[in-house]
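A.B. asks: Okay, here's the structure, questions in a sec.
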Amino acid sequence: MGDREISNHSEVTDFILVGFRVRPELHILLFLLFLLVYTMILLGNIGMMAIIITDPRLNTPMYFFLGNLSFIDFFYSSVIAPKAMISFWSESKSISFAGCVTQLFLFALFIVTEGFLLAAMAYDRFVAICNPLLYSVQMSTRLCVQLVAGSYFCGCISSVLQTSMTFTLSFCASRVVDHFYCDTRPLQRISCSDLFIYNMVSFSLSGIIILPTIIVIIVSYMYIASTVLKISSTEGRKKAFSTCSSHLGVVSVLYGAVFFMYLTPDRFPELSKVASLCYTIVTPMLNPLIYSLRNKDVKEALKKILEKKNMIL
């Protein structure tokens, strides 16, 4: 009778997020680590958005995309980190069914949007380096807005499909999700539904999302590399490449963590959690650091703001 009562997903009222399987005394250390990283995410990404908005010299397509990247990083890390920190303190590890749906939907929305946004940023760098004389014409304000809006639209469609597919599954095996947030793979493990069609659709959806973005990024950088190598002066090549190095760093960290997680076998859930950490909180923390430390314009804008504050004080 008990099994029948939970055989349908609609009768599940909450889930239990296991989190990290560590000794209880380490929970405080994990909480402090998450708190430190999340604080850096807030300061870094909100600071980056503030710098871009307030400095008129950064009113360019590249920084328009970067501001949106910071916005996305701030929000999707906020979907994950606060709940994880609460779980370290609370004896109850539960998350409501509606909360789990919301968490998966928002995370899928922002992570897919970031993938498309990074592809748009690669195209922006391609135009800037390969067609510099036509840059202001090709990368018009209208096109930039359309690329960002398109990224959000693709993220929303993907998220609706992924979330609706996941929560039409029946969860009769257990309510215990072996992860620190609601994600598709750990939710599949506790489902008693036939996952063949689900996996085929999910795989196809992932291919439709990932392949175009990777192709755009790779092709853009192939043209960029070809153009940079044709530059005669070493200083010119160095300057051209420096405008792309930050973006390449961000792409490498994000896609590296995503591929590592999805290529990790299901029998190693702890490895999946480590990989998930990389793109849920580590990547949003690193992105503003990568762009601020390797970008002369951002460093000058930050220096200008700090000088103004010192003058006021």
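Counting starts with 1 at the first residue shown.
Cβ coordinates are placed from backbone N, Cα and C, and glycine is handled just like the others.
OK, TrEMBL features for this one:
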TRANSMEM  28-53  transmembrane segment
DOMAIN    44-291  domain 'G-protein coupled receptors family 1 profile'
TRANSMEM  65-89  transmembrane segment
TRANSMEM  95-123  transmembrane segment
TRANSMEM  143-161  transmembrane segment
TRANSMEM  196-224  transmembrane segment
TRANSMEM  244-262  transmembrane segment
TRANSMEM  274-293  transmembrane segment
A.B. asks: Please give the sequence-distant neighbours of the transmembrane segment (244-262): residues at least 6 beyond its ends with Cβ less than 8 Å from one of its Cβ atoms.
C.D. replies: 69, 114-115, 118, 121-122, 125, 129, 185, 206, 214, 217, 221, 224, 272, 275-276, 278-279, 282-283, 286-287, 290-291, 294-295
A.B. asks: Report, as numbers and ranges, which residues of the same chain sit near the transmembrane segment (196-224): CB under 8 Å and 6 or more residues beyond its ends.
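C.D. replies: 112, 115-116, 118-119, 122-123, 125-126, 129-130, 154, 158, 161-162, 165, 169, 184, 188, 240, 244, 248, 251, 255, 262.
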A.B. asks: Mean pLDDT for the domain 'G-protein coupled receptors family 1 profile' (44-291), as a whole number?
C.D. replies: 89
